[in-house]
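For reference, the structure is listed below as structure tokens.
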Amino acid sequence: MAGILAWFWNERFWLPHNVTWADLKNTEEATFPQAEDLYLAFPLAFCMLMVRLIFERFVAKPCAIALNIQANGPQTAQPNAILEKVFTAITKHPDEKRLEGLSKQLDWDVRSIQRWFRQRRNQEKPSTLKRFCESMWKFSFGLYVFTYGVRFLKKTPWLWNTRHCWYNYPYQPLTPDLHYYYILELSFYWSLMFSQFTDIKRKDFGVMFLHHLVSIFLITFSYVNNMARVGTLVLCLHDSADALLEAAKMANYAKFQKICDLLFVMFAMVFITTRLGIFPLWVLNTTLFESWEIVGPYPSWWVFNLLLLVIQGLNCFWSYLIVKIACKAISKGKSGKWNPLHVSKDDRSDIESSSDEEDSEPPGSNPHAATTTNGTSGTNGYLLTGPCSMDD
């Protein structure tokens with residue numbers, strides 16, 4: 001074990017030439033980042049999950065109810081042992097051949113069986129109330145941490161001149177504000193890693209898992225080798241658009257159409273400007289070129305920049321989806337009316353979706369008796385009907 005630890009913490013990988021771990025030990029004059037500081041993120045992540053549960057129960061839920069957001073889920077499919085067995089043991093999306101076989105076995109028409117499977121799938125989807133509570137928590141934390149980051153950074157020299165990220169590197173002392181900012185962000189990302197398996201499942205689950213994983217590695221990496229100054233720039237820049245997205249989703253759930261559309265436009269502008277403009281031209285410029293000039297490359301420098309480039313690749317992917325949604329919204333608008341999220345179900349699910357499905361019937365159809373029971377024809381019982389439906 002001692003040999004493995006010695007190999008892992010090899011100074012020639014983590015630190016610039018002629019710098020040792022002994023040089024970065026805490027003294028009475030200065031405090032430097034220590035790897036063991038990061039252990040604090042785990043109990044804090046657990047505490048954050050507890051705070052989230054309390055917040056959603058006693059703050060977000062009353063707000064949702066005050067806004068008349070429905071707590072009921074989708075309509076319930078009629079109990080049927082044969083279809084339930086197929087659903088749980090074989091497939092949730094039967095093909096045409098299987099549908100025809102079930103139709104003959106049950107003496108149901110194919111359309112009614114398709115509707116049953118759609119209703120059964122939607123039973124597992126969360127209610128609008130649960131979505132609102134989740135978004136309100138993320139909005140509240142995102143707004144707080146971004147506000148804190150801006151207040152902290154405006155007092156630092158490296159916000160105004162990024163070359164200060166590398167002057168006297170790595171002998172840059174760790175301030176209490178910077179330490180708090182880093183541990184808070186790391187704890188939040190760890191809490192997301194734990195909670196995403198119980199949160200609302202979305203189509204971009206794999207991409208978000210990769211994003212959280214890379215973010216944790218990036219925060220940990222930059223803290224251990226004391227690249228925390230430039231790390232704070234990365235964190236604050238990427239927090240800038242999150243609160244706007246969650247606010248737009250809350251407006252969507254509350255059916256505040258115009259507010260939702262406006263917030264989404266603001267989110268798209270901030271996201272694309274910061275992720276495709278400021279981040280590569282400002283942050284990547286200093287990590288790739290200014291650091292090379294002032295400090296010079298070393299092994300962990302390459303890994304750090306590789307992680308940043310992975311983040312930038314994800315930024316490009318999400319920006320593409322945002323532009324795609326905006327373009328299709330414009331093309332589907334009537335008489336020049338701007339409906340930024342009035343797009344098809346598949347398209348508006350690209351950004352943020354729990355893969356809900358519509359349960360509408362074509363005109364003239366005669367549904368089986370196992371259909372609606374709560375008078376929500378046209379939707380699956382809890383979908384929002386306005387054009388601002390990015391989180392359907």
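Using N, Cα and C of the backbone, Cβ positions are placed for all residues, glycine too.
What TrEMBL annotates here:
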type	residues	note
TRANSMEM	38-55	transmembrane segment
DOMAIN	83-127	domain 'Homeobox'
DNA_BIND	85-128	DNA-binding region
DOMAIN	130-331	domain 'TLC'
TRANSMEM	179-198	transmembrane segment
TRANSMEM	205-224	transmembrane segment
TRANSMEM	260-282	transmembrane segment
TRANSMEM	302-323	transmembrane segment
REGION	341-392	region 'Disordered'
COMPBIAS	371-386	compositional bias 'Low complexity'
DSSP-assigned states of the domain 'Homeobox' (83-127) in counts, ordered helix, strand, coil: 32 helix, 0 strand, 13 coil
Per-region confidence, the domain 'TLC' (130-331) (mean pLDDT, whole number): 93
